[in-house]
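J.: Right, I'll just put the structure down here and ask away after.
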Amino acid sequence: MIDLKELILSKDNLYPLLRKLRKEARLIAPVKNEHGDTLFRPVGDIDTTDIDLENQPQESLKPFFLPQQETLTGYTINKGEYSFSPPPPAKNTIFFGVRSCDLTALLYMDLIFSKPFKDATYFDRRNHSLIITLGCNQPFANCFCEATGSGPYLEYGYGLQFIDIGDRYYVSAGRGKGADLLNKWSYFFREVEEEDQNRRYQLFLEARGQFTRNIQVPHACRKLQQEPVAEAIWEKLSSRCYDCGGCAYVCPTCTCFSVDDKPQDNNSGIRVRSWDACTSSGFTRMTGGHNPVDRTRHALKRRFLHKLKHDFASHGKASCTGCGRCIDICFGGVDITTFIELFTQQEKP
Amino acid sequence: MNKNFIPAQAIIREIIRENEQIATFRLELTNKRLPFTFLPGQFLMLSVPHCGEAAISISSSPDRLPLVDLSIRRAGELTTAIHGMKKGDQVGIRGPFGKAFPIEDFANRDLLFVAGGIGLAPLKSVIDHCLFQSGLEEDAVQSITLLYGSRTPSDIAFKQAIESWQKQGVDCRLTVDEKDSTWNGHVGLVTELLTDVTITGNTKALVCGPPIMIRFVIASLADLGCGDESIFTTLERHMKCGMGICGHCHLDGRLICLDGPVFNVSQLKKLDVMEFAR
């Protein structure tokens, strides 16, 4: 069998290919709804669904791997016996049109959910998924993935990576399922020619040149290893944090959660995992009301230090992917870029 | 045991009432073929019907397996619910989780335990284990001293254990914050008992109790010449998974559930932690 690592797909063949894929698995893609919002949704009839590859999806892939609420286990209490049942198995799913930042976030989640114990529920979904990314030729208004090393194109991690090079896509396969898929549907594709490669490279350079925001992420990360953040910065940011949790909910790498029992009747119930965030006031509060974190001064400290200081120290990379979603959502204007700007300008104490 | 979100069933074999607020629940796994072992200092995630889970230190020694004790103070919804349960009832457990006390370094040492209230629970596991070991092996611990503070005489927990330790040669010194007519022992903070204790280069100190107590005991121990690497404590934080994923116990780049709950002072000094205010 020939090595089908990189191929060209004519745009005319995109929908026929997606139609085939949809028969194999649940297909999720960015879909523009009747309100004009672009969200990752299951694709039903491809011809009547508005698959939107022009706009940034408003949410990341996070909800599909760590749903806002999910049942981890059901429990019953029957004649004194307290027993637990496993959650339903995951469905085979193909994600199409995923941006580089959001796949990078998923690779980070893989790390979090496997150290040192594998989260079975998460990995069941992950192992039943194939991710097809779409490289960005044009950053969106708030994007800064170039500064976080998570775009605009990717080098690994994807099942397939699509790059729009005009009337066709330049398609690269990752290991495993992506390459299998290209082999299986090879008749939709043609070989890569030199002109395709040149075009791709040229678009990559252009994309990198189009970032309007200069956010010094690596500099901030290195500086955080060296010197503390001035208390005044925390106080300034925390004074405009309204505890809404919005930044953490839209963030593709904020994966903190809570687990609670929801009784269904006297003898049974479900154990539910739901999103939680260190920016919420109850996050660290213990039984009896004691809270080791002073929230009025340090509401945002954990969030920013986790992403930029601690994750940089342990993984060599910040766990911010530069997707820019937290910028839009914060009406207090205290998103991660504000912090980076304030801190990088901080003079050495 | 499977370290995931599905708990194993355990049956309450015995309930020992320690005081008004604290009881020890002696558990046994219903599936006896499940491999289960732990080390002193580790904790379990305990499930109580309709109440979810809470992280609870194991208070018995691994030498008592297959029985495992959880000493629980009635404080919130889950702990109140288990206090309402009876012998024969079932709970769920996951674990064990967390780093244990470095018991392998305790051979031939003088061990000093300083505890306040329910804080004796995780230390009890170590004391019981050391006493069990000293009955069997040559290189057991040199001596064991316990300083234990309670609010009032009626708040003194683990009386049964303390009596048994005294019989086995443990130097147990108790203090209360407020005395009553029944009490003719020491009155005052547990730190005051430290002044009568000899600390040498051979001493290892294990401290557990309310954060403020931990802070002052650590400071006093340092003044008495106890090295940072010879003082251990165990931290309590809100936890939801026990496996390093949920994020609740994240502290300065560390996760209490994985990197702790047991830390020595040298490790604590690197963290922004209230138990060790710099």
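Cβ coordinates are placed from backbone N, Cα and C, and glycine is handled just like the others.
TrEMBL lists B:5-103 with the feature domain 'FAD-binding FR-type'. Under the heading [2Fe-2S] cluster binding site, TrEMBL lists B:Cys241, B:Cys246, B:Cys249, B:Cys257.
Map these features onto the structure and tell me what's around them.
T.: Taking the Cβ of B:Cys241 ([2Fe-2S] cluster binding site) as centre and 10 Å as the limit, one finds 28 other Cβ atoms among all the protein chains shown.
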J.: When a 10 Å sphere is centred on the Cβ of B:Cys246 ([2Fe-2S] cluster binding site), how many other Cβ atoms does it contain?
T.: 22
J.: Determine, for the [2Fe-2S] cluster site, the additional residues of the same chain whose CB lies within 8 Å of the mean position of the CB atoms of B:Cys241, B:Cys246, B:Cys249, B:Cys257; present them in sequence order.
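T.: Once B:Cys241, B:Cys246, B:Cys249, B:Cys257 are set aside, the remaining close residues are B:Ala55, B:Met239, B:Lys240, B:Gly242, B:Met243, B:Gly244, B:Ile245, B:Gly247, B:His248, B:Leu255, B:Ile256.
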J.: May I ask which residues of the same chain, at least 6 positions away in sequence, place their Cβ under 8 angstroms from the Cβ of B:Cys249 ([2Fe-2S] cluster binding site)?
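T.: Within the chain, B:Cys249 ([2Fe-2S] cluster binding site) has Cβ neighbours under 8 Å at B:Arg237, B:His238, B:Met239, B:Leu255, B:Ile256, B:Cys257, B:Gly260.
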J.: Restricting attention to the domain 'FAD-binding FR-type' (B:5-103), give the mean pLDDT.
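T.: Looking only at the domain 'FAD-binding FR-type' (B:5-103), pLDDT averages out to 95.
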